[in-house]
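**Student:** This is the structure, below, for whatever I ask next.
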Amino acid sequence: MAEFLPPPECPVFEPSWEEFADPFAFIHKIRPIAEQTGICKVRPPPDWQPPFACDVDKLHFTPRIQRLNELEAQTRVKLNFLDQIAKFWELQGCTLKIPHVERKILDLFQLNRLVAEEGGFDVVCKERKWTKIATRMGFAPGKAVGSHIRAHYERILYPYNLFQSGASLLCLQKPDLTSDTKDKEYKPHDIPQRQSVQPSESCPPARRAKRLRAEATNIKTESDSPEVRTHNLRRRMGCAPPKCENEKETYSAVKLAEKREHAGEQERDKAKARSKKPTSAVDLYVCLLCGSGNDEDRLLLCDGCDDSYHTFCLIPPLHDVPKGDWRCPQCLAQECNKPQEAFGFEQAARDYTLRTFGEMADAFKSDYFNMPVHMVPTELVEKEFWRLVSTIEEDVTVEYGADIASKEFGSGFPVRDGKFKVRPEEEEYLDSGWNLNNMPVMEQSVLAHITADICGMKLPWLYVGMCFSSFCWHIEDHWSYSINYLHWGEPKTWYGAPGYAAEQLEDVMKKLAPELFESQPDLLHQLVTIMNPNTLMAHGVPVYRTNQCAGEFVITFPRAYHSGFNQGFNFAEAVNFCTVDWLPLGRQCIEHYRLLSRYCVFSHDEMICKMASKADILDVVVASTVQKDMAIMIDDEKMLREKVQKLGVTDSERVAFELFPDDERQCYKCKTTCFMSAVYCPCKPGLLVCLYHVEDLCSCPTYQYKLGYRYTLEELYPMMNALKMRAESYNEWASNVNEALEAKISNKRSLISFKALIEESELKKFPDNDLLRHLRLVTQDADKCASVAQQLLNGKRQTRYRSGGGKCPNQLTVNELRLFVRQLYALPCVLSQTPLLKDLLDRVEAFQQQSQKLLSEEMPSAAELQELLDVSFDFDVDLPQLAELRVRLEQARWLEDVQMASAEQNSLTLDDMRRLIDSGVGLAPYPAVEKAMAKLQELLTVSEHWDDKARNLIKARPRQSLSSLVVAVKEIEEIPAYLPSGAALKDAVQKAQDWLQEVEALQVGGRVPVLDTLVELVTRGRSIPVHLDYLPRLESLVAEVQAWKECAANTFLCENSPYSLLEVLCPRCDIGTLGLKRKQKKLKEPMPSGKKRSTKLESLSDLERALSESKDTASAMATLGEARLKEMEALRSLRAANEGKVLCSEEDAELKVCVCQKEPAAPMIQCELCRGFFHTGCVSVPHALQGPRVWLCPQCRRSEKPPLEKILPLLASLQRIRVRLPEGDALRYMIERTVNWQHRAQQMLYSGNLKLLQDKVGSGLLYNRWQSTAGPLPETNKVSQTIGAMSFSMPHDWDNRTIYLHSPFSTGQQCIPLHVVSTELDELMMEAQLLQVSLPEIQELYQILFTKQSPSLQAEQKPSVGPSNEKSECCRGKKDGMSYMERKLKRRFERESFCDEKRARVRKMRTPKKKKLKLSHTKDVSSSSRMERERERLLEAQRSSESHLVPSDTSFSEQEDSEDEDAICPAVTCLQPEGEEVDWVQCDGSCNQWFHQVCVGISPEMAEKEDYICASCAGKGSPYRK
């Protein structure tokens, strides 16, 4: 089967609220469009949502059962045919099984039709057309299908066709219909047996099993009662087992057979029982063909009539006794020739409520499509529906709750006095015309004149649908309109054909399914047959479709066939209505019903007469239409009564037919409801006929008939005349209208009287004819004239000057005003505004005369023009002079604007010129305006040229020189206008000149420029769009400074350091805080008076500001020196406070230590600088295997502390740059501070106090307060904090110091309490830790102070200072060979030329002065080469010290040149040798000091061959470098 193609959509209307207010007016409006499609859909306004008024719990109904494939006309014909074939073979004891051909069920109906079309079985066989028939049936050619089809036809269909043709079947051998095991058993539908009268026990709407079965089953169909059940109605599908003789005899004795009487004289539909056979045993066993009773075992007994036949007497003879029921040839013909009964729906056995039906419907749909009901597409349901109705292989049964009376269960719309209580906001739906309870009885509906409550027509019917439940092709009763509203639920799919195609649709269905119409001529009126819209469209029938959703109306028009089905569970309500235009169609429908013998729902003539009896209140149009229809009715009635009278019916009487029930006054022949007249005979009381069928009443003579009439003809004419009078009642009104329209000036009526005539027409509902339309038009014109006149009298001009000077669309010209006044006088009615407008016209004409006089002058003044314009404001009339007056006024004002704009020098901008030119262009030509325009245009051209040129000069790349820009500025200054780009260019030139002056002033001063000044100049110079010669040099200088700062930061700053370079180089300003974001609590010990903790940001910013503001280096050094003093003082106070925490009692709850600011808890570690205590779990501590080291806390560890040789190149490069910056001053001060410290440290080393201090340390005097030994420091997973030069390796006995065990300040490592030994040494070591430079003197001091071993042991322990030696080795850098050799030769020469006197020898030794690590470096020697030589000497000193076992506890630092005459050996353990021959050796490291050879253990040979590096220079590397 081809896929279903949806027909085109019908029109969909969406009325506005105004259109929706009157349903009949709206339907009348859309009728020309919707009639062309038969159906249409109406979507109410969105806010129109009536409440659902049905009682869901109380509404119950019994639905109809619908088997889908029995609804379609062509499918039902096939099923009826197959049922006849099955019945034919069943009566002969065989079961029909439909064969398969090419794995497809053979369509027996199509095969039978095609063979008949080709001429019958004999012709097809003779002409060999079986292959052609197979091809027409869709089988592929060339597979010998034709022979198979012939065999099946000959076996199954040929005997049936012979029987239908009347041939005797006695000679036919019964074929073996059950031999083919592949055939499918056919299950008859028993369609005629399923009537709506007797509902079955249970028939749920579920998908049934396929009709075609592989195995035979015994299926029985129960008849009405067991007493009248017969074998021929049982239609058993399988062969029953043979019955025993006793059972057959008993059954045959009581069996009855139905026999239909065909004689014309007997009454219809009266069945008679077949007369019973004699019960003689001889008669029961006698063959009717041979008359013999012999061979009883071969004697067949008919299951229908109990006649007996020998098997061998039948032609051809039967070899065996049939196993199933067997009918003789007479019974077979009797059963098969019974007329087919009409098809109808049967009622379901179950009663449903809305809830139970909905549950069943949703379950069916979801199970069928295997998805939720709301997810099934409507297109899928539509295609599946038309597939199911067209197949005979699948039975799908559904139920439909149709035609449920709303009178019994209540309408879905709210009604007055109903059980449903509406809310106040819902009361509008009670009286709405779209409420289906109101529409049929509205005044515009002719059904309102029918008093009876006709269900479905005047009273709505309710419809509860489920998926696939359908309504078949039909037209409404009496060809009326219908309207259907879907209250809720899933959509309803509609199909409709227009009314003009109704007969065409009927002809197509009769053509395609003639068998159905033979038994039911009015089949399409039974609502039991559908046909695929595609089939109808293929035969030329126009069909349209739509999906009606919840809240939408569907309207069908007169005689428009429509059908459809439901997409799922829903609830709809429908009713009929008839408009005036339906009346002619209604009479035509009655004639059509008479031909079909169809019952009428109401009497059309009765309705016409009732309307005629109310002629005085009928609408004029309705009265006119009813009068025309009544005229036809009277003519027909007059003709029919004359005909009856000619037939001999003379007796008559008046009968009130409207008092009889409709079924008691129906014509016996055509079923028409009689009202005007009827004929009846005394022989058949209660039986009557209409005047069309008098001859069909009975066989009595016609003079015995009696004519019953409702009205005499004399009574009918006055009724018609009343309608006519009603239709003509507005003649008087029309006369009044004509008189008013044609009245003279003196007799004219007022506008109010005209409106009264219109109101009268509306009140009496006069037809909308030309006269009424003309009256409305005249009245509307007069009303408009009155409104305009009042506006002209009351209104003034809305604006003083209208743009463009054009006419306002609503304004009248003077001529129009003059014509309008004339029109007012010409109106059929009188207006009160007419004389007032005449006065207005006079004043306007006076204004025109004055304007013309003023405009004729050569140059009117602006004041006069304005005064005249002010007068015109009182006239709401378009005056032609106003435009010219405004033009003159605009010209005068424009010239004034030009003069004001040019009054001041350089006040005229480009925008002003453009604005004036733009406004002047719109002015009318005038000499003064044109001259001013020319000047402005010339000035604008020049100004734009120079403005663009100035803009280009500013944006030029590369930038223009200052001299060229100065020339351009001079040119621009000569233009009498303000140029934005010119002003910008002038400003740029001025800025460039100022900038150059500042740069030149900076050069002239001779001072070293400050970095901030340079950065500010560079920033300003980049923003000036002028080529500046000095700018690249300044940018290069700033870039060098930035590069220097980055190099310095890489040298000093630790990785991810929180400190800036300036913070590291300057003296500390944050001493006393832990650098935390939150403010810490003060310790109990008071700070020194006048000292206050300050935040790092404030102090650093103050110091940086002071450095930036300093005029020269000297003032900067002074500032930094002051900061150093504050640093030292603050650190001393902090150390004292931290040391004092040890003496605090354990009960002191406010005592907080460490970065976590919590109470002390062992183990702890103490910072060497600030003497603060820290939990070993809060900070990174050295690993136990690394030995004791000097440890600094995170606050005191600020930089990498590079060695001095790394810092000196930075200072040298800074001097080359010659730019002052705070970081440079800080670096100079740090180096100067370092050198000063070195000098103090050397003095301490050279003095004899160190020996005494070393003895004190060795005797343990410093640790007499420690009482016990602490365990080793617990290991931690944190990385050991080796803080540059601060992580010194301590002697091996450092861990053997005693510490206070029971104190919470028990530490793994504590600081050296030097303040107990020497305040000077404590100050020196404290400042050593503050220095951000690695110095060998620091390590030397620690080694001297804390080494207790003898010199021999010290020499043995020298390798323990491996890191220092290794670092010293690494400190050897590149070395200038020539300078090194020159120094060696010079030293040898000096040693040979020593004089005997020590002083002279020492002076000669010091004559070649060595380089000093001071700020006053000589310029002839570069710092970089000096550092390379010092690095090489360090390496040589290291090798020398390793070979000679130089003691590691001795360290020397470089000393400044002294003018002292006495030479001093810097060795700490100087032996002070006496004599003239004392040998000296000079250190080849960085210090260049002279030592006694005997004091340092060097022989003369070694001094000649090897380089000597003192212990101080050899120790600069490892401990101090990271």
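Glycine too: its Cβ is placed from the backbone N, Cα and C atoms.
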**Student:** So Swiss-Prot lists HIS474, GLU476 for Fe cation; which of HIS449, HIS539, HIS562 goes with them?
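**Tutor:** Swiss-Prot lists HIS474, GLU476 binding Fe cation, and from HIS449, HIS539, HIS562 it also lists HIS562.
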**Student:** May I ask you to indicate which of 80-130, 284-334, 998-1048 is given in Swiss-Prot as zinc finger?
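**Tutor:** That would be 284-334, per the zinc finger entry in Swiss-Prot.
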**Student:** Please find, within the list 612-660, 1151-1199, 1298-1346, the residue stretch that Swiss-Prot describes as zinc finger.
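**Tutor:** Per Swiss-Prot, the stretch marked zinc finger is 1151-1199.
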**Student:** If I go by Swiss-Prot, the feature region 'Disordered' sits on one of 261-281, 1080-1100, 1353-1373. Which?
**Tutor:** 1353-1373
**Student:** State the residues, same chain only, that lie 6 or more residues beyond the ends of the domain 'JmjN' (10-51) and have a CB under 8 A from a CB inside it; answer 'none' if no residue qualifies.
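**Tutor:** Contacts of the domain 'JmjN' (10-51) (Cβ under 8 Å, skipping residues fewer than 6 from its ends): 413-414, 420, 422-423, 426, 429, 432-435, 439, 442, 444-445, 481, 494, 496-499, 501, 542, 544-546, 548, 551-557, 560-562, 579, 581.
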**Student:** In whole Å, note down how far the CA of GLU476 (Fe cation binding site) lies from the CA of SER482 (2-oxoglutarate binding site).
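**Tutor:** SER482 (2-oxoglutarate binding site) and GLU476 (Fe cation binding site) have their Cα atoms 7 Å apart.
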**Student:** Let's see if you can do this one: DSSP helix, strand and coil counts over the domain 'JmjN' (10-51), in that order.
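**Tutor:** Output for the domain 'JmjN' (10-51) reads 16 helix, 6 strand, 20 coil.
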**Student:** Which residue among the binding-site residues SER482, ASN484 has the fewest other Cβ atoms within 10 Å of its Cβ, if you could check?
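**Tutor:** Least crowded of the binding-site residues SER482, ASN484, by Cβ count within 10 Å, is SER482.
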**Student:** Please report the three-state DSSP label of TYR400 (2-oxoglutarate binding site).
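**Tutor:** SS state of TYR400 (2-oxoglutarate binding site) = strand.
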**Student:** Which residues, in sequence order, are found in the same chain with Cβ within 8 Å of the centroid defined by the Cβ atoms of HIS474, GLU476, HIS562 at the Fe cation site, excluding those residues themselves?
**Tutor:** TRP473, ILE475, SER482, THR556, ALA560, TYR561, SER563
**Student:** Average the pLDDT scores across the domain 'JmjC' (428-594) and report the rounded value.
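**Tutor:** A mean pLDDT of 89 is what the model gives the domain 'JmjC' (428-594).
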**Student:** Which entry in the list of binding-site residues, TYR400, HIS474, LYS492, has its Cβ near the fewest other Cβ atoms, using 10 Å as the limit?
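**Tutor:** Ranked by other Cβ atoms within 10 Å, the binding-site residues TYR400, HIS474, LYS492 bottom out at HIS474.
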**Student:** Measure the Cβ-based neighbour count of GLU476 (Fe cation binding site), defined as the other Cβ atoms within 10 Å of its Cβ.
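**Tutor:** Excluding its own Cβ, GLU476 (Fe cation binding site) sees 23 Cβ atoms within 10 Å.
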**Student:** Report, in whole Å, the straight Cα-to-Cα distance of HIS562 (Fe cation binding site) from ASN484 (2-oxoglutarate binding site).
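**Tutor:** Cα-Cα, rounded: 12 Å.
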**Student:** For the 2-oxoglutarate binding residues given in the record (TYR400, SER482, ASN484, LYS492), what is the largest pairwise C-alpha separation in angstrom?
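**Tutor:** Overall maximum Cα spacing for these binding residues reaches 20 Å.
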**Student:** Tally the residues of the domain 'ARID' (75-165) by DSSP class, grouping H, G and I as helix, E and B as strand, and everything else as coil.
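**Tutor:** The counts are 61 helix, 6 strand, 24 coil.
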**Student:** Measuring Cα to Cα, tell me the gap between HIS562 (Fe cation binding site) and LYS492 (2-oxoglutarate binding site) in whole angstrom.
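**Tutor:** With the alpha carbons as reference points, the distance is 13 Å.
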**Student:** Can you tell me the three-state DSSP label for SER482 (2-oxoglutarate binding site)?
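**Tutor:** Note: SER482 (2-oxoglutarate binding site) is in a strand by DSSP.
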**Student:** Helix, strand or coil for GLU476 (Fe cation binding site)? Use DSSP.
**Tutor:** coil
